[in-house]
């Protein structure tokens, strides 16, 4: 865990809650396992992304182990506003994690949406949408121990088959003081089925706090459409940003300048090769031929990738 975050003067930081009162929908980079780390956050911030999340971090490990903190979380003074997402199932553990992270970030988010089996079997993620009292208790506990009005405490959820249960969960979280709620418009069982944007709109109309819409948003036009459909205050994007980190700046596909920016940022941050390469594979998916992909996707070193980009694209 790097300490550069302390150097940022509070007055220079954008407060996440202020973004929701800007008159525009807030453009948000989702928490993505392995991918939404510091180097990638640095890239998307160059292309009109307003707010970034870290990948999900297991709060118990983060609290218990300095090694986990160092490997799971890095930041710097330009990495704001920043939300750190935690997986937790006990109020005090989430509080302890929030207190550790508070000097370095602008808020925490409780993951109540991860549908992966390992998370649910451990009591994390999407199973929490069926435990509204626990979610309420966790949000209340964090506020009782974090004395910083500029900090935010949010949750990210999936929806129930019976939407009344989702509205009830959201209203309980609101009563506990949650700053905003991100709604992925699918149930725990749904993976590739269409997103229920109508459900997000109903939730939005039932609440007085900001609601963020998430799910299947690939372009800025998609984001604008979902904003109009749902009336959501923010739009969160995952895979759409992986494929095109310049999406929020209105580019239909990844511009070469963005690829160049990624190379520069990744090398500067010492990004591990696998991560460096995978991001490029996502970014170049739409702009390379099948034959080019066959060659590029099996390159096995940073120097080989740099040579390829130089030879084929002059980067």
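Placed from the backbone N, Cα and C atoms, the Cβ positions cover glycine too.
Here TrEMBL flags 29-292 as domain 'DUS-like FMN-binding'.
The FMN binding site annotation in TrEMBL covers 31, 32, 33, 85, 184, 238, 239. Using a 10 Å Cβ-Cβ cutoff, residue 239 (FMN binding site) registers 14 neighbours.
What TrEMBL lists as active site, proton donor is 114. Long-range Cβ contacts of residue 114 (active site, proton donor) within its own chain (separation 6+, distance under 8 Å): 56, 87, 120, 124, 125, 126.
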Mind giving me a neighbour count for residue 33 (FMN binding site)? Other Cβ atoms within 10 Å of its Cβ, every protein chain shown.
9
Count the other Cβ atoms sitting within 10 Å of the Cβ of residue 85 (FMN binding site), across every protein chain shown.
25
Could you work out which of the binding-site residues (31, 32) has its C-beta surrounded by the smallest number of other C-beta atoms within 10 A?
32
